[in-house]
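Trainee: I have a structure I would like to understand better, so I am pasting it below and will then ask my questions one at a time.
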């Protein structure tokens with residue numbers, strides 16, 4: 001009902017945004033937006049439903065803000081397929097951060113029940129799935145299907161792992177950093193499986209299916225794509241200047257590739273500042289990965305819910321811009337004197353999500369870590385500190 005009655009208003013907003021495909025027609029967009037508001041005010045009958053009108057008002061406010069941002073927000077480092085596309089995601093980032101702040105300031109009960117306004121099926125506790133248990137690759141006791149343990153663990157997250165790491169490789173553009181994050185997250189799953197049953201997996205699920213097959217194959221395909229992008233000639237020609245239809249179609253497809261190519265050379269050992277920055281990037285990546293699991297746990301969202309998928313789609317579009325802004329800030333601090341807007345918001349979102357987890361379920365986070373796990377992490381941190389002192393102060 002809400003979508004049906006706001007369809008006309010939304011269509012007008014989308015139509016006004018479409019005018020920015022070639023240039024930012026700010027006056028045209030303002031005129032169309034004003035006409036939409038006049039239509040809603042004078043010609044559309046307002047339903048006598050307070051809850052419905054509240055929802056519609058919030059949706060309309062967000063759409064107006066997105067319309068403003070697409071035409072007026074500051075451009076980021078990316079220009080393809082169009083700067084308006086990236087301005088749109090910048091405004092979505094602001095809206096998402098404001099939503100997280102709102103959830104953070106609610107009580108635990110009210111915050112979970114508020115999710116019912118988005119989806120009535122939410123707001124109820126859900127059991128976590130345990131991927132551990134029987135870890136036999138070949139089960140001789142099951143004559144009908146001895147490999148049933150493997151098939152039982154094959155779900156929608158297997159292709160999601162591959163696609164996720166393919167996209168992360170395009171963001172980070174560095175093989176060794178991707179592999180470190182991939183392996184480190186598996187160690188985090190080992191370390192935190194006493195808190196979330198979802199982290200409990202078989203050894204071959206951790207190291208063969210995840211690290212080698214899904215993550216490794218995604219990183220490999222991502223590096224091959226990066227090699228192609230680095231060698232691709234970037235000679236842009238106007239669509240209407242291309243004589244053949246095949247050439248026009250190829251030009252349209254290339255519109256979704258970068259305008260130019262910048263190879264990331266992180267050089268973490270070149271200076272103490274870059275070393276600490278790279279450690280910070282790895283830490284924020286791992287924290288964002290953990291937030292995916294902990295948020296759905298504390299907000300009672302099933303893994304297959306569309307909100308979980310939308311969050312991943314959101315980070316796909318935001319993460320690439322944020323990583324480019326971080327790299328520019330690290331590589332040329334004299335020109336890029338401050339951290340980019342998308343990187344700043346991505347960091348704020350990651351921290352806010354973690355604070356929501358801390359507030360909504362501190363008991364789970366405070367479960368005692370097994371002693372041998374704590375020893376391993378202390379040893380790892382100690383080795384990193386020793387290497388840092390040796391590399392940047394002694395050597």
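Backbone N, Cα and C atoms are what each Cβ position is placed from, and that goes for glycine too.
The transmembrane segment annotation in TrEMBL covers 24-43, 55-73, 85-105, 175-192, 204-223, 275-294, 306-323, 343-360, 372-394.
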Trainee: Counting Cβ pairs under 8 Å to the transmembrane segment (275-294), which of 55-73, 175-192, 372-394 comes out on top?
Mentor: 175-192
Trainee: Between the stretches 55-73, 85-105, 175-192, which wins on the count of C-beta pairs under 8 angstroms to the transmembrane segment (24-43)?
Mentor: 55-73
Trainee: Between the transmembrane segment (343-360) and the transmembrane segment (85-105), do 3 or more CB pairs sit under 8 angstroms, pairs being 6 or more residues apart?
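Mentor: The transmembrane segment (343-360) and the transmembrane segment (85-105): touching, yes.
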Trainee: At a threshold of under 8 Å on Cβ distances, which of 55-73, 175-192, 306-323 pairs most often with the transmembrane segment (372-394)?
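Mentor: The listed stretch sharing the most Cβ pairs with the transmembrane segment (372-394) is 175-192.
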